[in-house]
Amino acid sequence: MPVCGCLSVVLSHAVVLLMLVLHSASGHPQTFPCRLIQRVALCSGRQLSVIPDCLPHETEEIFFDRNLLENLQDGLSRYPFLRMFSCANNQLMTVAETAFIESHLLENLNLANNELHHGHKQVAQAFRSLTQLKTLDLSGNGLSEDMVSVLVANLSSLESLYLSRNGMQRLDESTFRDLHQLKELNVERNLLFEISGAFDHMKKLQRLNLAFNCLPCLVNFEMTQLLVLNASHNSIEWFITNQNLTETFQLETLDLSDNHLLFFPFLPTNNQIRTLLLSNNRVGFYQHLANSTSSNWTTSVDYYNLGQNISNITMDLWNENLHGNLSSVEFLDLSENKVNYFPQGFIKQMPQLYWLKLRSNCLQSFSLTSEDLPVTIYELDVSRNRLTEIKASQTSKNKLNNLTHLNLSTNDLQNFPPMIFTSLPNLNTLDLSHNTVDVCYSSNYMGLSGCVEWSSMASLKQLYLADCSIQNVPSSAFKGTSLTHLELSNNPNLHLKQQSLKGLANTLQHLGIGNTGLQDFDFSPYTNLKSLNISRNSLSKLPDSLMALNLKLLDLRDNSLTTIKSEHASLLAKKLQTVYMNGNAFNCCHLDWFRTFGENKGIHVADLSEITCLDLNYRRHKVVLTDAVYCGFTNNNKESVVWYILLFVTVSVSIMGISVIYMLTFKPRMLPRVIKKKCWRPTSY
């Protein structure tokens, strides 16, 4: 009995202790698997396979991306105030029909990058409860057009729908038949080759993205309410709007870049297009072909609607007056096309044009006059053409007051009117690189062919003259300018004198004189210089004047430097942010500068992995892998001698041992005879 009594007492105490432990545990705050910020639960990337059931009842937003959810059951029913649920990048294949039955307020649903093609019909049943849904993202789910049609069949409240990276091929009027409120639709990166009538009933659609598909043409376009159309990266050869519509098209941005356009698009007669992107096509103008007398020459093309046999269109191929209204265009990008001329007055049809990009075409001449360019032009890029001539008149250039950026690089320009740029009062940036340009001497520039006058251009800040075959820069060349960037690299015969940059000491911030044969130049006056390129100049040592500058970027590539003085390295390491040094002949035994740069975390050696050095045997090694062994006897001289002695003794003993073994093995009688001859002596007894 005493034993039983003691046992009962012990058990009672244990029960009391257990209750205390449980009570204390319940007093601690519960640990959530998500991070909570007000009414937002951040549960992304937590390796979760179910929706947490311990979140606050009033949670409005749940981010559940990058988890392991495969089947969405009733986990959201605990959160009736939910307005946004993001479940992208999971493994979701099915959604229970009752998954959203309590989510009456849900407006934004993101299910991108899952596997919903497995159970799309069940998912569609679940969507029936989402009567307030405004935004839906089903991108990257392997959906066909039929699956999409089922999924969105009852989502009449949708305003934004994202279906990129799926497997849709053909869209028609039934695909989105119930989406009358849709304002934005993204179907990029599918396999679409036909979209006939798919969007005609969407009277509120404003943004349509068709990029990265296989569309062959867009004909009889009449979506007047659309603001932005992106049809880039397709196979479009024709873009033709319905010319019979009198209603004004609201389209502001049209992107047809990276297609197969042969002709300038046939735009609406009444439109508000501001941005027109046509780069990387095959656009050209063909007025010269209109008068061809060949019997087989076609002058018109007919388009037929094979589906309904109505709305047939006939267009004159060579009529250059069918471009529609261009009066509102502000940005025109025709880069990388086949344009070799512009029809008379074509660019002047755009009186609001600010940006004109004509890079990589076939233009041979260009007119820099207000008769051919709108006075609003702000940036003009005619680089990488075949220009041999720039037309200008002294009276008209003064009217291009808004022109600020001009790029004429990589052409075949040789002859310039000397004062061609001085009358552009607001020209800020000019690039003439990769042409044949000379700098005029103020005293006789009028007699030179191809030279350009730069002095007194107060607005000019950035001037690029790389690879222009310049040989001399006179002392008065940049007088009256306030250049901050001057690029003269790749003029190997340039004779740059100290007075050549006279007047730029207080303004110059970037100077490029790589591959100019530079030898002696005093950089100390240019106290505001931040970036300097002196690469490919065969420099054997750094100019001392560099140490007076507060440089942030220095390019020393492809010179003849063998080392950098310790004091120079210390100064540069404190000031520089980025340095390029590859292509020099650094000595592997004089790399103190390398260690100095490595110890200073503020400097970034951009090409560190490529820098090499030469050892005593002229073998090349990566600087980052260099060992002192390449320098011969240095501080470890005594230790190296000991190793050589030990090696010699070891070899000698080995040879002697081998000799003895040979004698004992092959001539055993010779050894006793030799020993007897050498060692035996007559005794006295």
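Glycine too: its Cβ is placed from the backbone N, Cα and C atoms.
Through the fold, the repeat 'LRR 1' (57-79) approaches residues 34, 39-51, 85-96, 98-103, 110, 126 of its own chain, all at least 6 residues removed from its boundaries and within a Cβ separation under 8 Å. Annotation source Swiss-Prot lists repeat 'LRR 1' at 57-79, citing sequence analysis.
Residues of the same chain lying 6 or more positions beyond the ends of the repeat 'LRR 3' (103-129) and with a Cβ under 8 Å from any Cβ of it are 65, 72, 76-77, 79-97, 135-144, 147, 150-155, 162. Feature annotation from Swiss-Prot assigns repeat 'LRR 3' to 103-129.
As annotated by Swiss-Prot, repeat 'LRR 4' applies to 130-154. Looking only at the repeat 'LRR 4' (130-154), the predicted model's pLDDT averages out at 97.
Cβ neighbours within 10 Å of ASN154 (N-linked glycosylation site), excluding its own Cβ and spanning all shown chains: 15. Look at Swiss-Prot and you will find ASN154 (among others) tagged as N-linked glycosylation site.
Here the repeat 'LRR 7' (202-225) has long-range neighbours at 164, 176, 179-195, 231-242, 245, 247-251, 255, 268, 303, 305, 311, 313, meaning same-chain residues at least 6 beyond its ends whose C-beta is under 8 angstroms from one of its own. Summarising the annotation, Swiss-Prot assigns repeat 'LRR 7' to 202-225 and lists sequence analysis as the type of evidence.
Feature annotation from Swiss-Prot assigns N-linked glycosylation site to ASN230 (among others). DSSP assigns ASN230 (N-linked glycosylation site) to a strand in the three-state reduction.
Positions annotated as N-linked glycosylation site by Swiss-Prot, on the basis of sequence analysis: ASN244 (among others). In the three-state DSSP classification, ASN244 (N-linked glycosylation site) falls within coil. Spatially close to ASN244 (N-linked glycosylation site) yet at least six residues away along the chain is no residue at all, judged by Cβ distances under 8 angstroms.
The N-linked glycosylation site feature in Swiss-Prot is assigned to ASN291 (among others).
Marked as N-linked glycosylation site by Swiss-Prot: ASN296 (among others).
Residues or ranges marked as N-linked glycosylation site by Swiss-Prot: ASN309 (among others).
Swiss-Prot lists ASN312 (among others) with the feature N-linked glycosylation site, giving sequence analysis as the kind of evidence.
Residues near ASN325 (N-linked glycosylation site) in space but far in sequence (CB under 8 A, at least 6 apart, same chain), listed by position: LEU267, PRO268, THR269, ASN270, ASN271. Under DSSP, ASN325 (N-linked glycosylation site) is assigned to coil, being neither helix nor strand in the three-state scheme. According to Swiss-Prot, the N-linked glycosylation site annotation covers ASN325 (among others), on the basis of sequence analysis.
Positions annotated as repeat 'LRR 11' by Swiss-Prot, on the basis of sequence analysis: 351-373.
Feature annotation from Swiss-Prot assigns N-linked glycosylation site to ASN402 (among others). Close to ASN402 (N-linked glycosylation site) in the fold, though at least 6 residues off in sequence, lie TYR354, VAL375, THR376, ILE377, TYR378, ASN426, each with a CB less than 8 Å from its CB. When secondary structure is read from DSSP and collapsed to three states, ASN402 (N-linked glycosylation site) falls in the coil class.
When Cβ atoms from all protein chains are considered, those within 10 Å of ASN407 (N-linked glycosylation site) total 20, not counting its own. Classification of ASN407 (N-linked glycosylation site) by DSSP places it within a strand. What Swiss-Prot records for ASN407 (among others) is N-linked glycosylation site, and it gives sequence analysis as the kind of evidence.
As annotated by Swiss-Prot, N-linked glycosylation site applies to ASN533 (among others), with the evidence given as sequence analysis. Applying an 8 A CB threshold to same-chain residues 6+ apart, the list for ASN533 (N-linked glycosylation site) reads SER489, LEU511, GLY512, ILE513, GLY514, ASP555. Under the three-state DSSP scheme, ASN533 (N-linked glycosylation site) falls in the strand class.
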Using Cα coordinates, what distance in whole Å links ASN154 (N-linked glycosylation site) and ASN230 (N-linked glycosylation site)?
27
Outside the repeat 'LRR 4' (130-154), at least 6 residues beyond either end, the same-chain residues with a Cβ under 8 Å of its Cβ set are 88, 100, 103-117, 120-121, 123-124, 160-171, 174-179, 186
Tell me, how many other CB atoms lie within 10 A of the CB of ASN230 (N-linked glycosylation site), whichever protein chain they belong to?
19
Distance, ASN407 (N-linked glycosylation site) to ASN230 (N-linked glycosylation site) (CA atoms, angstrom):
27
